[in-house]
Amino acid sequence: MPATVWRIYWATWLFNLALIAVDLAWGAHAGLVARHDEIVRIVVRGLASLAVGALLLAISRLPRLRGTAREVFYRDAGACILWIVTLAAFTCGALVFQYLSLTLAAPDIASSLVAADAWLGIHWPTIYQTVRAYAWLDAVLGAAYQSTWIQMACVPFLLVVTRNVRDYAEFVVQFMIGTVLVLMIATPFPAESAFVHFNVQDPGTASTVSDYLAFRIDHVRTLSFAAAQGLVSFPSFHTVMAMLFAYAMRHVRRLFPIFIVLNTLMVISTPSHGGHYVVDVVAGVAVGVLAVWISRKVFARTASPAEVSTLAVGQT
């Protein structure tokens, strides 16, 4: 990675450490308890992955590989693994922060979101019932919504083999920025899922956000990373991720259209399969655009003149 990208990489770790420190201090005050074995497993896997990434970078510097395709592959794969680890560390820290934010029990704004949807002429139960009435549509949107983790695994692999690892670095920074923006909004303005608000009890609906009321009202303070839930309704983080996945693949021409279609379907699926209000989706689009814009400014500001020229070409 260029020196400027390395600086951004180390900055992400400084942010991760600050986030973990906040989680530890706030968690101790709130009485949050996490499973020790899960924490140990996460740390061990993270350290092992860092070691693998560092080893691949070291191998790429062997004199006998200089100027070969293997040098590029080992270098890009090693760098990508390092970015994956910083993203994983951030995700764990942000997940804990999400749960801690619920302990504040700020006023729920779900009714306001329902009213905003109504102002747009939208009635969420109608959307849900319409999608469920067509088995094929329900299946397609359900698959798109559940593709998040598959894309999280595929995107870095595809960007490495197509020599676009810098785009993955940008994706990680955009993901972090988008998450921070979402949490900054959701912490003072929490909202229960539309599944809960409209008392939808179908499998895979209200049960997927049961921790929301448990942490807000029942004062549950035990967190399991393995069973953790996404509890932010407004803005829709699934929408943010859909935009970032598609944007990350913009330089892989043969696959970019596929990711556009897949992630468009993911955005469409968020009301019916994610329990999001339509205004959640609109806000998610705004956050996604802002995250990309901020990250481009960050990479351009730290880049050398030659890299700035490359970035400018990439934006055309």
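Each residue, glycine too, has its Cβ placed from N, Cα and C.
Listed in TrEMBL:
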TRANSMEM  40-59  transmembrane segment
TRANSMEM  80-100  transmembrane segment
DOMAIN    112-293  domain 'Inositolphosphotransferase Aur1/Ipt1'
TRANSMEM  143-161  transmembrane segment
TRANSMEM  168-189  transmembrane segment
TRANSMEM  225-248  transmembrane segment
TRANSMEM  255-271  transmembrane segment
TRANSMEM  277-294  transmembrane segment
For the transmembrane segment (277-294), out of 40-59, 80-100, 168-189, most C-beta pairs under 8 A are with 168-189
Applying the under-8 angstroms CB criterion, which one of 40-59, 80-100, 143-161, 225-248, 255-271 scores highest with the transmembrane segment (168-189)? 225-248
By a Cβ-Cβ criterion of under 8 Å, what residues six or more beyond either terminus of the transmembrane segment (40-59) are in contact with it? 65, 74-75, 77-82, 84-85, 88-89, 92, 225
In this predicted model, the domain 'Inositolphosphotransferase Aur1/Ipt1' (112-293) has a mean pLDDT of 95
